[in-house]
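Colleague: Sharing a structure below in structure tokens format, with a few things to ask.
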């Protein structure tokens, strides 16, 4: 991509961002990102998080999903968040900064979870996009596979999983793997997800493995 095209694309994104209804609404409500509305919409439809639940939030920074999750889980609940990027503290959220792909970070995350199983695993993880589909899609699929592996390690029976997946190579195989692990799997495209984005959210309930 030429510098000129990249600049035009970046300018378009910035214009969309500042004109975006959800960006303005997130600022008005004190939410850290427009992504918070995605998990809110999923919660409204699927009721994943209830008071007292333990939630793991992968790819948490800047904290939009964690803000919603900790509010829903309440004082008796627990939210454990992880991201390679730093995140300002959120009351009630136990945040671990590190690369989830690294064994030592995974071990540290599992230590924070402890012996008790968790009720919900959330993943809004995405790789740094290069703009090359043949590079970006495998990276994105690797992250969602790691998120599903996390479910296998920590999720309680009948637990739930919400994960961002980019449609493309590997999507159908991944959907099959999620369906094998959960009783019900739904595909959601929240209103707050940009229409031209290939992202969808798989919402899986009734963990059975």
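Just so you know, glycine gets a Cβ as well, placed from its N, Cα and C.
For reference, Swiss-Prot lists these features for the protein:
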| type | residues | note |
| --- | --- | --- |
| ACT_SITE | 164 | active site, proton acceptor |
| BINDING | 63, 65, 83, 99, 124 | S-adenosyl-L-methionine binding site |
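Help me picture these features in the structure, burial and contacts included.
Modeller: Other C-beta atoms found within 10 angstroms of the C-beta of residue 164 (active site, proton acceptor) number 23, with every protein chain shown included. DSSP assigns residue 164 (active site, proton acceptor) to a strand in the three-state reduction.
In three-state terms derived from DSSP, residue 83 (S-adenosyl-L-methionine binding site) belongs to an extended strand segment.
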Colleague: Where does residue 65 (S-adenosyl-L-methionine binding site) sit in the DSSP three-state scheme?
Modeller: helix
Colleague: To the nearest Å, how far is the Cα of residue 124 (S-adenosyl-L-methionine binding site) from the Cα of residue 164 (active site, proton acceptor)?
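Modeller: Distance (Cα to Cα, whole Å): 5 Å.
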